[in-house]
Amino acid sequence: MSAIALGSRSASFGSLDKAVVNHYDFIDNAKAIGIVLIVLGHSKGLPEYLSHLVFGFHVPLFFFISGFLIKSNKLETSIVDNAKKVLQYAGVPYVLFFIVAYIYWLGTRSIGAKALMYVGTAWYVPVWGLFTGLVSDLYVDPPLWFFPCFISTVIVYHASRKLLSTTISTWLFVVLAAAISLLWKTTSPQLPFGLSPMLIALAFYSLGQAARTKNYFLSLKSAHLIFGFLIALALLAYAVSKTGLVDLASMNFGLSPKLYLLTAMLGIFATFSISRLLPSSRITRWLSANTLTIFPLHFIFFSLIRGVATSLHLIPHEYHYGLGWSLMSSIFAILLCVPAVYMLRLLRLPKESFGRMRGSTRGGKPQQGGCKYDK
């Protein structure tokens, strides 16, 4: 169902089967790169240009991967059954992590800078964000906006495929996203539950599915991947210098909205290319398997790390955050997710939530090469 759900490989790959030897490592690498970029992008001290570079494609990357991982037989399920599955998969973590973030907010809202920021804010006000799904209302943990947007995207795309082919739906959603990115005003009101950014996310989701169907990326040889990566990275660097900061969550398409989709796709192509070239590792497999936990928790851990560092006088209140802090705090935030993942496993949540992971097999024997994905 998504870039984070895990399970078995489908025989519906057809002609892709022979080209998919390192498919699982490739996806694990792409997801690992993506989640590290998400964390870095939200860290304090990251230089402005690098922040713009990361925001140019990090969230579109996850929608693209999610679309890439859809198996054709899964599109044959009913709209209602698909909606139930995605609500279990993404809805349960959304509510759970909101509760965690809300409790943390209640315990820290009167400390430090938060005391001024939330003065006069009643204890029940943040709960509204759970129902709207808007990033502006989810200030207890802004990354949570992704969950309702993802749910809406999966349901709408699945419904569209009941009437439209892969090619037609892809063209439709790309044209729609291009038009919206050009016409959208920063003052335009957003629809609840991620429906506004969904109109853009559908383009990346459908492009991911088209890339899988047409056997893009998997058929490229190493020399082509290296060349493509370097060219895409150079073009991405130039495009970001023209667009400035973009942010899908707030529907901000930068200084040059006409370059938004192109910029994101350049970043996605560069990520996929380098992911095909990199070897598998336990670290990338762990990051890939636990993306759904790192995504919402790292923001809370950033706040915790800053609070502890300030309280212990490791940094002054007026500390000037730089690249060093950005990198170190990102590493610590991810490391703090390790015990969090363990605690979540102890909760014994339904297996449909947070995806499923088990060893990949071939001929009844375990493989050494990443996880299997079940959409």
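In case you wondered, yes, glycine gets a Cβ from its N, Cα and C as well.
Quick look at what TrEMBL annotates:
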{"type": "DOMAIN", "residues": "25-338", "note": "domain 'Acyltransferase 3'"}
{"type": "REGION", "residues": "356-375", "note": "region 'Disordered'"}
{"type": "TRANSMEM", "residues": "49-70", "note": "transmembrane segment"}
{"type": "TRANSMEM", "residues": "90-108", "note": "transmembrane segment"}
{"type": "TRANSMEM", "residues": "115-136", "note": "transmembrane segment"}
{"type": "TRANSMEM", "residues": "142-159", "note": "transmembrane segment"}
{"type": "TRANSMEM", "residues": "166-184", "note": "transmembrane segment"}
{"type": "TRANSMEM", "residues": "190-208", "note": "transmembrane segment"}
{"type": "TRANSMEM", "residues": "220-239", "note": "transmembrane segment"}
{"type": "TRANSMEM", "residues": "259-279", "note": "transmembrane segment"}
{"type": "TRANSMEM", "residues": "286-305", "note": "transmembrane segment"}
{"type": "TRANSMEM", "residues": "325-347", "note": "transmembrane segment"}
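Under the criterion of 3 or more C-beta pairs below 8 Å, with sequence separation of 6 or more, the transmembrane segment (142-159) and the transmembrane segment (325-347) do not qualify as touching, having fewer than 3 such pairs. Nonlocal intrachain contacts for the transmembrane segment (325-347), taken as residues 6+ away from its ends with a CB within less than 8 angstroms of a stretch CB, comprise 36, 39-40, 43-46, 287, 290, 293-294, 297-298, 301-302, 304-306, 319, 354. Under 8 Å from some Cβ of the transmembrane segment (49-70) lie the Cβ atoms of residues 1-3, 5, 27, 30-31, 34, 37-38, 40-41, 146, 150, 153-154, 157, 200-201, 204-212, 236-237, 239-241, 243-249, 263-268, 271, 291, 373, 375, all in the same chain and six or more residues away from its ends.
Contact between the transmembrane segment (115-136) and the transmembrane segment (259-279) does not hold: fewer than three of their C-beta pairs are under 8 Å, each pair 6 or more apart in sequence.
For the domain 'Acyltransferase 3' (25-338), the mean pLDDT of the prediction comes to 94.
Counting only same-chain residues 6+ beyond the ends of the transmembrane segment (166-184), those with a CB under 8 A from a CB of the stretch are 157, 160, 199-200, 202-203, 205-207, 209-210, 213, 251, 253, 257-258, 260-261. In terms of C-beta pairs under 8 Å, the stretch of 90-108, 220-239, 259-279 lying closest in packing to the transmembrane segment (286-305) is 90-108.
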